[in-house]
């Protein structure tokens, strides 16, 4: 009796279950609508996992299809049973024995066990050798090794001789166990087992039960026999049955197509032609020598293919294929050299043409004639017509299409990749008439045998679609698997073919095509969607082929149709029966033989009465879970738990039968679900109900603990039940475009004015404060930089100086440097006297002088500014001071002010006339300290010059330097018509008064502290020494300005001093505010305390020979300073430091010397040895033991030695000259001379030197360097004269706070970047720890969602804005003429409004306002300081610029004045219009004599020149800057765009992200200054909770008064500080106190025998503890750190995900902190690169493998097992650490392989999770974690610091910024992602990987390899 499925169906009886006719309605069958979530059975687990379960449970024979799965099962089983084999052989431990058939398999197994476990493995493969061993020798082996891998012969020998008894074996593994059926040692070994009472567990492995055709009876017998011999149950892997045995089985149909009737006779005729030709060729006896090609081969192949097409598809197709083959043949004929071969090819060609001609007689090839196709084809078309969609479906299914889910893919490997970015290409023309790709309800595959059949059948179906509207919906394509095989090398042409195939697959996956015609290649291994129609056009010939093609029909309603010719049908039915029988046998062997399909037949019955549903809000029909839907809910919930691409978490259900015949089920959820206990259901009548009921109970529990939401769906990470964590803030309403928190969004803020300077203009008869601005030259300009050989003018040489008069006191701020032409000048602001009053007249005089300084000396007044001292927000007076009558007391210099008022030269040019009668008389003393004005030119803005030198040897009659004039007198007569009255007067060499008013940074260094190139130093020297380049003036023609040069030089510093003062006061104010908000530091500083000086932290390095400057003793005596002293460095010292690294920067020690107090003995001896040795490429001083040393060196580092700006210095001898902090005036508090020695740890333990005069060494700052560890201890113990103040107790140095407020765009000597990075990693750490401890039940997905919300730029920006940071930030370069508002001035609204929109002075500030030039990289806002061409001197040395550039800038500088700038926020750059620089109409400059006038040009606008070349400025579309001009109406930016217009003097425009950066930098600043607890409190005060709040009772408040000392809480974030040790004080309003974080209480679950299980699971881990040198107090942490989510045998702890979340942040912080504290002081860029090079998965995974983490890893995931296996092998071969730049590919010969070796993320994860585990286990001690991890990471940190690696993608983009373009992702045939990078002109490079990111870096790495290989040929531009 035939089974109904096999009835041959006639045409009429073909009943297909198509989606359209399905009872569930037309859409149910959309293949992509169905999620891969099973609703009526639990999601099946991977078959290998179930086989492992079986093997753990009982003796098992594993029948697998492939070899790879065998190893996995064997190794994991060994590991699971490993606790039985650790330790000495009997009595306690046993041994595991692996038996293999041949010697060469031994090594393979050995490496597998060694790779994945730490067990000791012995290998025995040589019978001769092993047979001769004695019993003793064997027992040694057994003692040493726990796993024995031997060939069966050796094993038999060992067992027979009793060297090892079977009872000592815990597990016996037989590889290739099917051999036991034959007469084989395996059989004898099993015989021995029979006699043994305690037989070991047996595992048999076989892959060859099924080979080719075999008879079901035989098969069954074979299996039974094997089971009997091995005393085991055979279990097959599902891959032999049907790939997913729970998928509903497809409906199988065999169709009898009926005979082919050849009415026209064409078929017969063609067949005859072909057969004759084939016979003819076969008969030609062409002698074939073995070496030659067979001449007939190609012809035979072509003809037989053609014949096959004719037979299978009919004449129409044969015609098509003949046409294709003719084209193909032409190529062969053209290239064929040999005559004979050629003849055969031509013969074939002729025949094919003949066939085509015959066909043309019968039908027109253009259209399809169904008379000429076989019945099989007709049948196929008929089946396809049934799948035609209904009309209405065409609309509704669009929705499904859009919601389709990636779960529809068979392969899981794509679960993490997005392919949204793939462009959908234009379809080929024939498809255009299809309604749309959405209507494809069909998703089908037709399997054919031959390639040509596939190609032609596809053509035929396309033709049929054109003619038959019923078939028009089909969009088909074919895939032949040509060259798709994985490993063979591929030619270019094959490569193209391969690409085409992948495109076909991509379209099929995307449902753009709905029918695929394929050869058997698609049967296995290719990732394609679930199909609802599979047609076997050619019948399957063996079981495997049958099962695998059937396995493709996996949609819920699917048909598997086999088309058979009438003559074949009988024999096929026999085959089919066999296949079915085999399938059945194998099914029974399936480890879970519940047959999904049959069990569900009665699913439709309403079971609600059996067990009531779980309903929410029953009254209003709320959501419910019924007994029928519960399993689906549980599956869906498990699928949403966090996991990696390798693991798909599924529930595990065990059903047991009770004695009374009822069943109960126990349900276990994956181990990372918060519901950890197993759930036991009530007993039910049948298995199915038992399983369902337990699921229903589970849903109820999940809902109760908040894991299912109110719709009973899994709670996503977004709908966090921890609402309070995401303080949901209302997003501010702004009209500003851009995403909040991003760089694209900029807003304007007013610039902050410090409270103490706000409206503090002195009033008559009210008490005032007078401050002195002390100026001391601490580092004179070295000769190398003094190109003009100018004399240096130390400001302290003259007594007259400036002071500040104010109505409010100014807090103490650190001294700070300004850089004048003479060198570095240290500025101090000291209180001179207070409480005095001034009269109205005095104040008026002072006010007039104040205005005179800013308007006339500094020329800062412009139309837009108005002097209104009473109305100005920031108002105080600047006035001259001098010593009073020979005493040394300074006071206000009223006489001087009055003299100035009277002077004629005060404003204009005095009109003195000399004549022959009253000739000019030269008085030398008048000119010694004078500023002079030429009286004959530039009357509106006369030039002012310092007299540099009086040339007594020159007179007006001396020779004029240029040939046009004879003498100076003649020049003036000719050019200006001036006659001189005194021809004997000397001439004056003059210098311009400085126009550079930004003196914040030295001009020979850029803002990174790096010397600007001095290439032209020699040229310059020559230039300045020749007279031609000097300005020579005649005294008679000049007027003397009433302000002496010495005071003028000080006045030039005023803008910089006041600006810096202003910024530091803002920072000090912020420090005080934080002290009251967060309780960190004190509100007001003690009167006797001053912070160490502001320091840029770089040594001023210059590229030149070492120079020696001597101590100028006369100065030293007068002024109490020894002025310039440096270490004298021998010329060759630099070369001795042989191992110099480019990063090295502090190669010589700097020494400061300060005059000792009077009681100490006279002169200070400086004896510093010059013997510098190089240690690690850094030179240090060997013998610094002299007592004077400490004093000498201590002032140099200034506490926050945060040397931010180290840059790579060219490797040339470099010298440092000292920074000296010299204090002025006796009445100031004694400064603390503290210093953190950079090189502390190298100073031979000599750190504790004391100062020579016995004054105790004072230290006020913690050592920030790691090198300063020793110092740190000393600091804690010492008592300093300033009562032990330190920034730990007082708060950070305002200088450091200022640094945290300064963006890199400000081009200052420091910026926030380094601090920001430190703050960033600490913030991540603090929040992570807080979340980890506060939410012990939240899984990693939720924790990381909460973290990302908290640390997002958007959130930080909000908090920073709330705290008022934007106003305090320093965002643009200080340029006094453009954006500085002098004290007492206001922006004149009337004048500036008129000009708000059109300004011609939009110089650089527009570009520098903040953010990058045009192009915002996401990482950092960096702006390279592009100085003009000769960078070294942009101040006032004549630079060679084009005439028109100079005119342009001059005209800009003479422009209208108010600097308002406009930024267009349009996304498009209007580059053409934005850069028309318009000249003002009054271009009165004409052509000017180069030698003089050009010198006057104001280089303070040097930056305008940087932007002369528009191409450099705005590259992309961030914002466009318009340069506006009053005289031109509509130039510049299109007025349509939205723009921000703001006033540069009082407002600043800042990107949101910069504010977020600033918050992080401030955090870094508090962290380095006040420690970790303080940083946490600072975060809490911002509103970021990182500590638990505790409420204190009033009694406690009394116990812990507000101002408690802070140091008690300095324990690193440890949970050990008592919860009551709360913050010292919070702001009065909020009574919040913060406690300390508590370690989450339990890490083990309540479990009856938890301890036992724990010891069981971590057996062997003691070896690992030894390896990392840390012993766990609580071993559960250790187990948790190694438990992967797939490892369900661990029922007592969670998996590692939470610890990984914690460890990731801890390692990031520790590594960042270490890099930050590196004595090499890496620059921000290097720091970022190093951090990303060290904190990444590749490095962590490599280290994990190096330290054997993988051997202890606990996971049950076959794919992961293989990836780890590959990676470990790869690491062993490479045997070196992998950096980002490392070659992650297998070896040289894999050049063709596009894929990098895959780095298993799980390895990096356990590296992190172990850090988290140690942190928790050690009571939250970061130190302990670092002690364990630093030794592992140290070699890498050293290696990378010396040579910073960059990610390949970045390196490529830096190398080829214009030409490298990455393609979007393409999906490869096996589900991976491919990315192509094209480097224009140099080739295309491809990379493949599991995700877009991995593929992208693989591609970049390939491109780099190729570019580097070809570099020599590329000329270096």
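Yeah, the Cβs are placed from backbone N, Cα and C, and that goes for glycine too.
So that you can see what the record holds, here are the features copied from Swiss-Prot:
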DOMAIN    51-227  domain 'Helicase ATP-binding'
BINDING   64, 65, 66, 67, 68, 69, 70, 71  ATP binding site
MOTIF     175-178  motif 'DECH box'
DOMAIN    1276-1403  domain 'RNase III 1'
DOMAIN    1844-1909  domain 'DRBM'
Among all protein chains shown, how many Cβ atoms are found within 10 Å of the Cβ of residue 64 (ATP binding site), not counting that one? 23
Counting only residues at least 6 beyond its ends, the same-chain positions whose CB falls under 8 A of a CB in the motif 'DECH box' (175-178) are 61, 70, 74, 98-101, 105, 109, 186, 204-209, 222, 226, 230
Residues in the motif 'DECH box' (175-178) grouped by DSSP into helix, strand and remaining coil: 2 helix, 1 strand, 1 coil
DSSP-assigned states of the domain 'RNase III 1' (1276-1403) in counts, ordered helix, strand, coil: 75 helix, 5 strand, 48 coil
Over the span of the domain 'DRBM' (1844-1909), count residues by DSSP class, listing helix, strand and coil in order. 26 helix, 19 strand, 21 coil
Run through the Cβ atoms and count how many others sit within 10 Å of the one on residue 70 (ATP binding site). 24
For the domain 'RNase III 1' (1276-1403), mean pLDDT (0 to 100): 82
Around residue 71 (ATP binding site), how many other C-beta atoms are within 10 angstroms of its C-beta? 22
So if I draw a 10 Å sphere around the Cβ of residue 69 (ATP binding site), how many other Cβ atoms end up inside it? 23
